[in-house]
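Student: The following block contains the structure, expressed as structure tokens.
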């Protein structure tokens, strides 16, 4: 059994380490948090590097390796010490390849992304009253006088104010076929369509990622905006997409936790109190050791879940749920301990540990809360060991 990365994987990580070291400096991250976004040149530099590697971008309409995508997101977030938009971009491209590969919509959008580094659409799934309970969503498509209309609300839509199109998940009431679950459809809707309103969300962390609330009131849909074949999308396919996003969120949390650990170790070795480095005090040593244990456990869970997804293992859903249950919470704990070691400085925005704590705290909610992961994992465990 070999736990080390392959030569190809190490080379891939090193490529993005060079990218991150050049662009994702502490000074730049601070500025981009204030600006709530990245400069276009940084986005272009990322996609140029990304599409150089077939294991990331995939071949033709096939998605790349989720493990490879997790590895580069971990490394970039380790260097940056902050959440970055690249994981969302990767996930959104994968969603296009999942739902629109057979249509004529995916290729132009992906080509535009490869050229500009900016996605031309946002993803709208979560609702104010339907976060963890995805099947409780109320946004729906109805047919009236032989015309299609979209009504409802979405929240925490990344780039919802700025992306020119919105990929909207909605219940499809035009499909009357009897099924166990409600019918779900995906639509690519222009942001400037009549009846759409966008409102910014002010949040405590993940400042580089702008989020918005979106409302849809009697938005008339062109039938050609449908991304999926009627009846073919469904909630199982959406849950499959969640496995991608949860893995990438955890990869980012892992990278940020590693950054917090490295900052804490460096400070503990440099800072002196009572005539010696604080890292020589047993209580600080215990904090550091526990942080290292958490980071190693996080890494094992992230890599296993990504590998299981790529290999289509029978228990991949369980692996992803266990990972998402543990990793963001553990990352938050690592960041909190780093803040404690840094002392008063750790409680300021000057130190990355404070950003990391805020970002990882948000990841305990994003793409499925800690609690919903228990609800997913528990029946799978009972089935596994019955």
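Cβ atoms here come from the backbone N, Cα and C positions, even for glycine.
As listed in TrEMBL for this protein:
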DOMAIN    123-219  domain 'Acyl-CoA oxidase/dehydrogenase middle'
DOMAIN    234-376  domain 'Acyl-CoA dehydrogenase/oxidase C-terminal'
Student: Please list, for the domain 'Acyl-CoA dehydrogenase/oxidase C-terminal' (234-376), how many residues fall into helix, strand and coil according to DSSP.
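Tutor: So the counts come to 120 helix, 4 strand, 19 coil.
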Student: What is the three-state DSSP composition of the domain 'Acyl-CoA oxidase/dehydrogenase middle' (123-219), stated as helix, strand and coil residue counts?
Tutor: 3 helix, 51 strand, 43 coil
Student: Averaged across the domain 'Acyl-CoA dehydrogenase/oxidase C-terminal' (234-376), what pLDDT does the model get? Just tell me the whole number, please.
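Tutor: Within the domain 'Acyl-CoA dehydrogenase/oxidase C-terminal' (234-376), the model's average pLDDT equals 96.
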